[in-house]
Amino acid sequence: METFLLTSESVNEGHPDKLCDQVSDAILDACLEQDPESKVACETCTKTNMVMVFGEITTKANVDYEKIVRDTCREIGFISADVGLDADNCKVLVNIEQQSPDIAQGVHGHLTKKPEEIGAGDQGHMFGYATDETPELMPLTHVLATKLGAKLTEVRKNKTCPWLRPDGKTQVTVEYKNDNGAMVPIRVHTVLISTQHDETVTNDQIAQDLKEHVIKPVIPAKYLDENTIFHLNPSGRFVIGGPHGDAGLTGRKIIIDTYGGWGAHGGGAFSGKDPTKVDRSGAYIVRQAAKSVVASGLARRCIVQVSYAIGVAEPLSVFVDTYKTGTIPDKDILVLIKENFDFRPGMMSINLDLLRGGNFRYQKTAAYGHFGRDDPDFTWETVKVLKPKA
C-alpha cells in the first residue's frame, strides 16, 4: 500500500501571536456588541512587558481598550512577569484612528447602502475546505494538533499539571493513503509537543504528564502504535515564554486558524476584522459551502474559492474542486453552490449572523481554530443540505 506523511501544527492561547489574535477579536466583540455596524480593523502586537493595539475603528461603541487588553491577557493566564507577561502591570499602548473615508464611501457608502449593495471591504480570494476523514469534516492532522493545544490549556487551568505555563506548541504527523482523491488516515506517525513550564519540573515528569493527561485523552488509540514517535519538549528547556520569549503579532497563524496546510489559503488573516472584511466573512462562507458539499454526500473532499474587488458586492469568481471524489460533476456542484449561498458581503453578514458580537463570540475563534468547532456561535459550520436536480 502506497502511503504518505503530512503534518499540521497548532499553538495554544498563550502563544504570543495567538494572544494578539485574541486581543484583536476581544476588541471586535466589544465594538459589535454595542454597535453592530462597527467597522473594525484592529491589530495587536506584544513583546516583553508591553501590548499595543493599533488600527482603524469607526464605532458608536464606548470601548475601554486598555481594560480589554488586560482582561484578555489575564484570562489566558499571563498574571506575572515569570510566566511571560503581567496583565495588570504591563504597558498598554493604543493607537486607533477612524476608517479611511475613501474606504467607507466605496464599501458601505458611509452606512447608506442596503445589505445587498454593500461592497467587499478589499480585494482578495478565500478558500474553504472539507474532507470526510473526521466527524468535523476537517483534516485529522489539524484536528489532533489543535485538540492537543486545547487540552494543554485545559490541564494547566484546572491544575492537573500545575507546572504548565501559558505558551505552547503542538504538531502531528499522520500517515495517509490516497483513496481515489479522498484522504484516509492510517496511523499517527509523530507527535510533537513543546510547552512552557516552570523551573521546578523535571523533563521526565513533563514527558510522563504530557503522555498521560494530554496525548492519551486526545489521540484515539487506534491511531497510535509501537512505532509512533513522541517528541516532548525536545529542546530540553522552555521556561521563558509568552511575549517575553518571542514578539507576537495579529494574523501570523493563518494556517493554524484554517486547515493546517490542507486545501489552500488566500493569505488574509481573520482576527480583529468586522464582517465587511471578506478575508474573514468570505472564508467563513466558503467553509460552509465546502462542508455542505461533503456533508450532503456530493463528494468526499472539496475545496471552494471565492474572490472579490473592493467596493463591489458580487464576487468576481467562484470555483469548486472535489479532487475527483464527486458523485456528480464539479460543474453541477458549482451550480448548486451558487444557488444556495449568497456571497455578497452584506448578505453573508445577515445569513451567518456575523454582526453579533459580545459573549466572546469572536474571541473564541481566535484560539484553537475557526473551523470544525461544535459551537452555535460558529454559524458557518451549519450544514445546508444540497440536493442535485433529478
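Heads up, the Cβ atoms here are built off N, Cα and C, so glycines get one too.
Residues or ranges marked as Mg(2+) binding site in Swiss-Prot: Glu9. As annotated by Swiss-Prot, ATP binding site applies to His15, Asp167, Gly168, Lys169, Ser235, Gly236, Arg237, Phe238, Asp246, Arg252, Lys253, Ala269, Lys273, Lys277, with the evidence given as similarity to another entry. Here Swiss-Prot flags Glu43 as K(+) binding site, drawing on similarity to another entry. The L-methionine binding site feature in Swiss-Prot is assigned to Glu56, Gln99, Asp246, Lys277; the stated evidence is similarity to another entry.
When the binding-site residues His15, Arg237, Lys253, Lys273 are compared by the number of other CB atoms within 10 angstroms of each CB, Arg237 has the fewest. If you take the Cα of Arg237 (ATP binding site) and the Cα of Gln99 (L-methionine binding site), they are about 44 angstrom apart, rounded to a whole number.
Taking Cα separation as the measure, Lys277 (L-methionine binding site) is nearest to Glu43 of the binding-site residues Glu9, Glu43, Ser235, Asp246, Lys253. Its own atom aside, the Cβ of Asp246 (ATP binding site) has 17 Cβ atoms within 10 angstroms in the protein chains shown. All chains included, 7 other C-beta atoms sit within 10 angstroms of the C-beta of Ser235 (ATP binding site).
Note on Lys277 (L-methionine binding site): other Cβ atoms within 10 Å of its Cβ, all shown chains, come to 23.
The maximum pairwise C-alpha distance among Glu56, Gln99, Asp246, Lys277, the residues recorded as binding L-methionine, is 30 Å. The residue listed as 'Mg(2+) binding site' and His15 (ATP binding site) have their C-alpha atoms 13 Å apart, to the nearest angstrom. For Lys253 (ATP binding site), the nearest of the binding-site residues Glu43, Glu56, Gln99 in terms of C-alpha separation is Glu43. Of the recorded residues, Lys273 (ATP binding site) and Glu56 (L-methionine binding site) place their C-alpha atoms 10 Å from one another. Candidate binding-site residues: His15, Glu43, Gly168, Ser235, Asp246. Nearest to Gln99 (L-methionine binding site) by Cα distance: Glu43. Overall, the recorded ATP-binding residues His15, Asp167, Gly168, Lys169, Ser235, Gly236, Arg237, Phe238, Asp246, Arg252, Lys253, Ala269, Lys273, Lys277 cover a maximum inter-Cα distance of 42 Å.
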